[in-house]
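Heads up: the structure comes next, in structure tokens.
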Amino acid sequence: DYEAFVCVLCPAGAGGWSPLDSNKYQWLEIKLEQRTEITAIATQGRYGSSDWVTRYFLMFSDTGHNWRPYRQEDSIGAFSGNSNADSVVMYKLQQPVIAQYVRILPLDWNPNGRIGLRLEAYGCQYKSDVVGFDGSAHLLFRPDPSVTPANRDVLSMNFKTLLNSGTLVHMEERSGHTLTLELFRGKLLLQLRKGRGSSADFHPLVSLGSLLDDQHWHHVSVERVRGLVNFTVDKNTQQFQLPESWSHSEINEVSPGLQKSQSRRNFHGCLENVLYNDISVIERAEEKQGNVSFTCTESIDVPVTFASPGSFLALPWVSGGESVSVTLQFRTWNKAGLLMTFDLQHNAGTLWLYLSEARVRLQIHKTGRIMTDITAGASLNDGQWHSLELAVRRGRLAVTLDRTDSSTASTSFPVAPDSQLFLGGCPDTEHSSCRNPFSVFQGCMRLIRTDAALVDLIRVQQMLFGNFSDLQMDMCGIVDRCSPSRCEHGGRCSQSWSTFHCNCSATGYGGATCHSSIYEASCEAYKHKGNTSGFYYIDVDGSGPIKPQLIYCNISDKAWMVIQHNNTELTKLKVSSGINQHLAHFNYSADVEQIQAIITQAEYCEQELSYHCKKSRLLNTPDGAPFSWWVGQSGEAHMYWGGAVPGSQQCACGLQENCVHPEHFCNCDADSKEWSNDSGLLSHKEHLPVRALTVGDINRSGSEAAYRVGPLQCYGDSNFWNAAYFNKETSYLHFPTFHGELSADISFLFKTSSSSGVFLENLGIKDFIRIELSSPTQVLFSFDVGNGPLEVKVETPSALNDERWHHVRAERNVKEASLYVDHHPGAVQKAPADGHIHLQLNSQLFVGGTASRQKGFLGCIRSLKLNGKTLDLEERAEITPGVTPGCPGHCSSYGDLCQNHGSCVEDHSGFTCDCSLSPFTGTFCHKDVSAFFKPGTSVTYTFKEPYELNRNVSAQSSSIYSDLTLKGENVSLSFRTSQAPALLLYVSSYYREFLAVLLNRNGHLDVRYKLQHNRDAEVFRASGRNLANGLLHRVSVQRLAETLSIQKQETKTFPLNTQMHLFLSAESGEVDPEIARLNALGFTGCLSVVQFNSISPLKAALLYPDTSPVIVTGPLSESSCGSSLHTNPYAAETTHSLTDHVGSVNTGEPIVNAINSDSALIGGVIAVVIFVSLAALAVMARFLYRRKETFQPQEPKAGKTDDSPETPFNTDPNSQSIISDNQKEYFI
């Protein structure tokens, strides 16, 4: 229980404090009888008046100087005060404060009144043992050796000092090893030293704290439980493991203030309540050496804080001597800022001394010219105190940093202040002579001397000397925002005076605090972004503690995650004398916790386990003790083999009852002299992966064996597809309270037809967090952490209630809140400076609705993750009315991933692409089907007819033939060749009608149509340049009724001389003789993705030769010659690389050169196809054409051309090719 020990407000009577002037330079200070533990503060306005304080600073001190502001949540400096004169506003301090002085600094007050205050403080008396050290003294304490050593040792104390380095405590155990607690550059280091003597090396174990040389009390404790140590400084704790030699050691000496190394400094300052295992070291110390005092004597150094852009300190200059000397100490986090400026006497110019790029720079300007320019120091923005001296003597000007780094310059004019010296900045007034073209200084200064005289800053504070604005007197308000670091996942923290920044490069995480992962959680997620097989970084727990891991994704109909280990090859064993067993350990490319998380979220996992044997038994079935076994995930040995069930002590053949010898349950147990094997897949997820393998029975003469443990392979992602469908506005799912005090990230997918609805909500007493669809085109992320409600909105150009999946990502941390929807530009809301940072929730988390059952969501929510953990929506939905587990309809969102006319097929968990109507293959119908042709190689595709027809029975055939009548064709193909002329594609009919795609003798692309047997073919010239250049070209020929279009880089349209229909049959007539002569040359080159309407003859010949009506002549095999190496248009756009791996690693494109890669990519040759050039096949497909309508004959036209493909077949070299009367050509 605590009592009110000071009362400056008397609730029942009149009175209160009200200064004569109401301005921001007033304060109320209370001196207590002794140091007291203060736990709460309460305020009221002045009794019976309009005077009250609405906002104030609360400060504490032990001496009445060097005040320390109290910060709520380590960030908020100001307290909210009263709104009237009578009500009491009380604050219970989150961390009690021990002090003798309390000070209230009013910041704002009732604008219709004055500053008025009544104050009450709560707490209790505080007693302590204190000892002071002057840098040469120490104590020595030896624990009682008769006391049985405990498994737990605890050393705790409080300390304060003005020096940033010195040894607080030296602990030594009986073997001579020591633990040392040392203050170094304002941080506490816990160090281990092995062995005795000055030559023994120190090994830093851990560092904690910052700015501990501020002359305020700090608490430190070291707790050791066997080899585990908890190291605490103030409110921050780090845990680490001691070396084995220290796990059971006994401390026999504790020496506060002592350092047994000549190279290190003893402690100069005060220690309080030094306890070792609850024994007071100060009281029980056996030796007291040096000047040890049992009081804490403190020097009075009055610092001043320049905290705002308007801060400055103006000091009058009264010295009239020839020399000038100004010295001070400063500390800051900023790289830039004005330290000092003054006008020179006799209008000789202006001197500026300022920080630039963390160095001190001095410039003297006169009439726009730089007369003097020198620099000194480096890295002065490290938060440490640095001494600065400006000295001018006899025409020499010197700037000295930290007494060692000095720069000088000669001056031909006197350098002395005219009347005033300005520190930190300049007054913001028109009449001031001070000008500051640089940044203002934000930091602390102390020990300011002008001509060796110390400036009395207390008199300045009392406005008796100099002038100032926006200064915090008698305190240094510097805060280390990087200790502890708010940057997560190894992000590097840097800071300025008012904020911090996290460098997330090479971490795999992004955001203001490196909180959210930039990688997907599974290969399943990469597949649904349109990615194909390759190496990807997988972050199984998102923003959780498990690091991203590089894993191979084998993406087909299923997205397999393949985790390799150090020996996936077949390993042969031979008899070795004296060796009864072979033990193999497998080290995987992923960590244990990563593998465990992958297996847990996977739908299915497997690992091949095979044993090849020759006179080497395996499990010794049916009744013997196993010779071999494998060790799984938990370290337990398993006696069943691949293909069998757990606990069976069988192999696959035993389970299937087809072993070579039925009396055994494994083939190898027959002990045959012939080679045999037992192989199969292990698929019990709880046992995987195989960590070790023990093989016995290999020490007999003639025994031989080999084993193989394949990589761990898993597919499916139960988290990715975990979904719930909300079919009532009043329905919702509830989960335990979401804990995201400092960092909270939420991601999910939704689809709906409703215009609004709340996705999720979690409430606290005052705080809350909510994400909702506020309109068809707006998602709203709102929250309150104590600073008032904040909203982050994203507007989308198109409606989101379109029954397609949309991805929402929201994050809130101590710096900002952000919201992203799909790939639209995100919205970011900065957190208020010095505001509340802890999100404190206490109710249940509601998903799909609110506690009030209003504004409920109608639709599907999927893959809901909070701080990397997936909520099991389906499990809750099964027991919740109005909500059903799962949500179908994925093709509406992912169907666009199926390329090249592939069709999307719904699956329970995702989708697949049906490529049967596409000439492409692969997961997304993205992989071209190509073959390299040589002369003599061809593919013939024969159309199937529904009936066998007699070509003379025209009456019956008319109706059947009409089913095979085409009013248009769509032909596409790709080719790569250096041959000209060359026939690429030929389609003919029994009636000598045909379609041909060919290269003429000049390599120009011609398309020939002959649609009437008694007339010659029409020739359409599709390209006027040589395409026989070894490059990949793509051609598309489309006819719709009487219009023909040929696409090659650009589309050309030709009118045909009739409206025609294409009639298909299964009989073949004679080949056009001109085409036959051209075809006799054969074709040498690459043909790819050939399609005629819905038929892909080359794909059928290469992939389905046994079930397709194809005839292949000559050698034919699949090739990658038709690949254009185009990038995936659905790959992720932005990536972050980890630099310690070979190759390019990102979220959208697999690493192709990490292990085995395409040689073109390894060589750096990347082909970029600006316009996809389709071209061809040396395929003769037998089609039958028949005209359904006749046309009027046109006048024949004769002509000559050098591009005619018939020319090479002319036996007379002097003759010219003649185009027949019925032949027409169109040149492009």
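Keep in mind that glycine also has a Cβ here, set from the backbone N, Cα and C atoms.
Nobody curates TrEMBL annotations by hand; they come from automatic prediction.
Among CYS714, CYS860, CYS915, CYS925, the one TrEMBL lists as the disulfide partner of CYS887 is CYS860. Spatially close to CYS860 (disulfide bond) yet at least six residues away along the chain are ALA723, ALA724, TYR725, PHE726, PHE750, LYS751, THR752, CYS887, judged by Cβ distances under 8 angstroms. Using DSSP to sort the residues of the domain 'F5/8 type C' (1-124) gives these counts of helix, strand and coil: 0 helix, 68 strand, 56 coil. Note: the domain 'EGF-like' (478-515) comprises 0 helix, 12 strand, 26 coil (DSSP; helix = H, G, I, strand = E, B). Confidence over the domain 'EGF-like' (888-926), given as mean pLDDT on the 0 to 100 scale, stands at 85. Take the domain 'Fibrinogen C-terminal' (514-565) and the stretches 302-476, 722-887, 888-926: counting Cβ pairs under 8 Å, 722-887 has the most. Counting every protein chain shown, the Cβ of CYS887 (disulfide bond) has 23 other Cβ atoms within 10 Å.
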